[in-house]
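Database features, via Swiss-Prot:
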type: BINDING; residues: 210, 213; note: [4Fe-4S] cluster binding site
type: REGION; residues: 173-241; note: region 'NifU'
type: TRANSIT; residues: 1-9; note: transit peptide
């Protein structure tokens with residue numbers, strides 16, 4: 001009897017203790033929450049050294065081959081010049097663009113061209129391996145866009161827009177170039193700029209990947225010339241013009 005009574009008293013005491021703890025928890029529910037959950041979420045399981053904490057550059061740059069094996073088209077996934085183009089055939093011409101200057105500092109880069117949403121880089125010769133050049137080009141482009149610097153510091157016209165002084169034939173040539181021909185050439189990483197129209201001959205300047213492309217003459221004759229002659233009977237032919245002596249030497253070299 002005594003043992004049974006003691007067991008009953010013990011059970012009652014335990015039950016009373018549980019009731020007090022339960023009531024205390026109901027009155028103070030936060031006593032069981034020793035640390036907010038978000039502190040566990042934000043706390044790294046394996047703390048890294050301070051040297052590893054740095055801004056991460058989120059940029060995926062695609063590359064696209066061009067008809068010119070020495071030119072490669074880099075697509076950063078964001079606008080470059082949007083609706084126009086700029087050509088930098090030599091390092092001296094790159095004074096207008098901080099990015100072009102940085103790209104020319106990479107050994108083996110011959111010329112740089114900016115399109116609406118791409119950057120065309122041309123290497124000096126076929127012996128240079130793109131696999132050796134591309135890492136430096138990727139890093140230069142990513143660093144520049146992360147810096148927030150302006151792409152160009154001096155505005156220059158990229159082509160010859162139509163004006164009121166143009167006659168009907170010249171206006172038609174420029175419109176056809178802008179709407180049908182230039183977009184196609186830009187897809188290959190280059191551009192074509194109107195320079196003049198005289199005695200039935202349309203004078204054009206090729207830029208970007210088209211400058212030193214082995215098939216540039218074919219592009220002029222079979223592509224651009226045929227289209228211009230089809231729509232504009234006054235056009236008798238197309239010829240490529242050079243802006244400086246270096247271009248002329250390159251065109252005349254074997």
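Counting starts with 1 at the first residue shown.
Including glycine, each Cβ sits where the backbone N, Cα and C put it.
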Residue distribution over DSSP helix, strand and coil in the region 'NifU' (173-241): 31 helix, 21 strand, 17 coil
Around the Cβ of residue 210 ([4Fe-4S] cluster binding site), the count of other Cβ atoms that are within 10 Å: 27
Stretch-averaged pLDDT - the region 'NifU' (173-241): 83
